[in-house]
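Over in Swiss-Prot, the protein carries these features:
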BINDING   17-23, 45-47, 317, 343-345, 425-427  GTP binding site
BINDING   18, 45  Mg(2+) binding site
BINDING   18, 19, 20, 21, 43, 44, 45, 46, 137, 151, 232, 247, 315  IMP binding site
ACT_SITE  18  active site, proton acceptor
ACT_SITE  46  active site, proton donor
BINDING   311, 312, 313, 314, 315, 316, 317  substrate binding site
């Protein structure tokens, strides 16, 4: 890396999403000049707490809360213009300048009303057929990615050419309306409603459309530090997650390059975000899941103290013990440079903590999460018991001020996974962060 170029950091979730990436991205943008979303859509939900004020973001990079920081939506993101402007207007009402700082790749596929209709109708169809639901958010993410892979998607750049857009839309809508009405038993979507809304959005989007790949490469060469913000988590990755209970994009660090148009050599440090316990929204295997609905249980403690409800859907998150064998898999596929442990404070007051170090599977033991959902369903976790702590960790900003048992817990995670812990978050507040090694300064 030349001394004249910037240093770039990728932030990824290592579990099933909801690890607290938004807060850490916001915190790290103090050292960055640009923040990039590279996959997913408005199914992501990042919550930031700044000076006691809570802000929920779904599509716009978390760096928008730092004045002067440029924000980019890369080509790997599927874009709902309707939801984007809903989010922009909410931020502008709060006094945040957005439009002059947001750049959107013209190569982003568009999420249109029929994508959400397909998403919801398919889940209903699965349920009626007695098949377990995938657990989609119903936002149209999967169907939009399907159109992209099938090479029939309408992209942001198509909005600049109304006649071309109308022609492509008519063909696409005919296809999807056939599936909606003839296969899924859902109502058809009206062409004029979709087209008219898209044209209204086109006029608003044009000033923000950009060649994001070129702008990022130019910024890097000019010395800017960039931060690539992942959405969801590694175990929701379409290739490396608990398939088919996954999202429709690659959530791993390697996709930061493909999803934004930079070379992999521009990714200098990979920060894995992981909760001090595990949570999951929706269906799919979860080896260390606890009873999180019964008062008085550790799972209930995690659910209530951790306020475990989805930012995007409001659904309750399933809760369980920390899974170090799962984290080994995440470290492997992401090439993690370091870890940030979040929500350590949620474990305050638990007398004993169980740490999953591996699994029993079909009469054998393994120390890493298997690849297939069917295999994971058959896994019985192997636990190591550690002593908890009664002292409060809320707001602690120095590692040596943590309770002894909290430090031992963190050290054991490092030992099992082989990944150093460089940061610890002790509350949702931006400033309640322990820094052992800064990603923008680490070797």
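Cβ from N, Cα, C; glycine included.
Remember, it's a predicted structure, so these values are computed and weren't measured experimentally.
Taking the features listed in Swiss-Prot, we show where each one sits on the structure.
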| residue | record | CB count, 10 Å |
| --- | --- | --- |
| 18 | Mg(2+) binding site | 29 |
| 23 | GTP binding site | 25 |
| 43 | IMP binding site | 29 |
| 45 | Mg(2+) binding site | 21 |
| 137 | IMP binding site | 24 |
| 314 | substrate binding site | 8 |
| 316 | substrate binding site | 14 |
| 317 | substrate binding site | 22 |
| 344 | GTP binding site | 24 |
| 426 | GTP binding site | 25 |
Fewest-neighbour residue among recorded positions, criterion Cβ within 10 Å, set 46, 315: 315
Cβ packing number for residue 20 (GTP binding site), 10 Å threshold: 19
Residue 317 (substrate binding site) as reference: those recorded positions from 18, 43, 45, 46, 232 with C-alpha within 10 Å of it: 18
For residue 17 (GTP binding site): intrachain residues, at least 6 apart, with Cβ closer than 8 Å: 44, 231, 232, 233, 236, 251, 281
Residues 18, 19, 20, 21, 43, 44, 45, 46, 137, 151, 232, 247, 315 binding IMP per the record - widest CA separation, whole Å: 34
By Cα-Cα distance, the member of binding-site residues 18, 314, 315, 316 nearest residue 47 (GTP binding site): 18
By Cα-Cα distance, the member of recorded positions 45, 46, 314, 315, 316 nearest residue 20 (GTP binding site): 46
Candidates 43, 46, 137, 314, 315, 344 (recorded positions) with Cα within 10 Å of residue 18 (Mg(2+) binding site): 46
Candidates 43, 46, 137, 314, 316 (recorded positions) - the one closest to residue 426 (GTP binding site) by CA: 46
Greatest C-beta neighbour count within 10 angstroms, which of the binding-site residues 47, 232: 232
When distances run from the Cα of residue 43 (IMP binding site) to each of the binding-site residues 23, 314, 316, 344, the nearest one: 314
